[in-house]
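Everything on this sheet refers to the single structure shown next.
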Amino acid sequence: MTTPKYLTGDAAAINEFIDRFDVFLLDCDGVIWSGEHVFEGVVETLEHLRYRGKKIVFVTNNSTKSRQEYLKKFTGLGIPSDVEEIFGSAYSASVYISRILKLAPPKNKVFVIGEAGIEHELRSENVPFIGGTDPAFRRDVTPEDFKGLADGSLLDPEVGCVLVGLDFHINYLKLSHALQYLRRGAIFLATNVDSTFPMSHGFFPGAGSMSMPLVYSTGQKPVALGKPSQAMMDAVEGKFQFDRERTCMVGDRLDTDIKFGIEGKLGGTLAVLTGVSQKEHWEAADAVAVPAFYVDKLSDIGLVARKQ
């Protein structure tokens, strides 16, 4: 097993590392920020990479925000960015549905478990949907619901796909609708299957926790459109037209970010220790992935800027 190279504090090694790549794919949660807290030195590090002519793409599995909403968050946190630099799993899923699946009437609607970010991106691709943030689905289940779902009278006959993302209002009614659609042949998609979601220096149930009850109930696994899915890598490459050998994936999770870069045959992967995965995770015999490089925090690769 290859031992990752530790870069923190080594200006020469960091310079050599940055020179190897033209494009940096950056995760957000656990790398750029945790919740509403921006990690120290991130803004300066991004400025330094851009100053050296590097292309930055923010590749996130968080489906709760659309690209425009992400741009508002970046701006509000004082991080210069552009909507065209942002590639989220909600956008990836919407592009997949509209341009790959090309669902045709009468089964062209999507039943959504998720937040407004998914809805915004589906609208941007002209994909019809139900569920999501609709208040009609944010309530307790009733005896009438059980009857109507079982006989199909409460189901929309135009639904041909179930898309599951992180949903802060997940409930039995939404899962019951999704299960009935899947049992009737709907395609099963997930924005991502992350087990946890980093927030406010802690960890909470991720999007994978939303889809898992349906996996258990149906025996089906969803097609995931977020990291480490190579469907997402192909979509990102298709949009930005980069050389994979000159591209580095930067992230905090071995099972999504680092695996995404390795399976995508990128030129390098960089793990940061400000999020989910820690050194002992890739040193384990059963490690899901091992990064090529690692630093304590993203701003460590901005060390060369401070040294100059």
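Cβ coordinates come from backbone N, Cα and C, glycine included.
Please treat TrEMBL annotations as automatic predictions, because they have not gone through curation.
Sequence annotations record features per position, and here TrEMBL assigns active site, proton donor to D27, D29. Marked as Mg(2+) binding site by TrEMBL: D27, D29, D252. The substrate binding site annotation in TrEMBL covers K227.
Where TrEMBL records a feature, it is marked here on the structure.
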residue : record                    : CB count, 10 Å
D27     : active site, proton donor : 25
D29     : Mg(2+) binding site       : 22
K227    : substrate binding site    : 31
D252    : Mg(2+) binding site       : 25
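Other than the site residues D27, D29, D252, same-chain residues with C-beta atoms no more than 8 angstroms from the centre of those residues' C-beta atoms, the Mg(2+) site, are C28, G30, V31, I32, T60, P198, G251, R253, D257, V272, G275, V276. Distance noted between the C-alpha atoms of D252 (Mg(2+) binding site) and K227 (substrate binding site) is 12 Å. For the pair the residue listed as 'substrate binding site' and D27 (active site, proton donor), the C-alpha distance works out to 10 angstrom.
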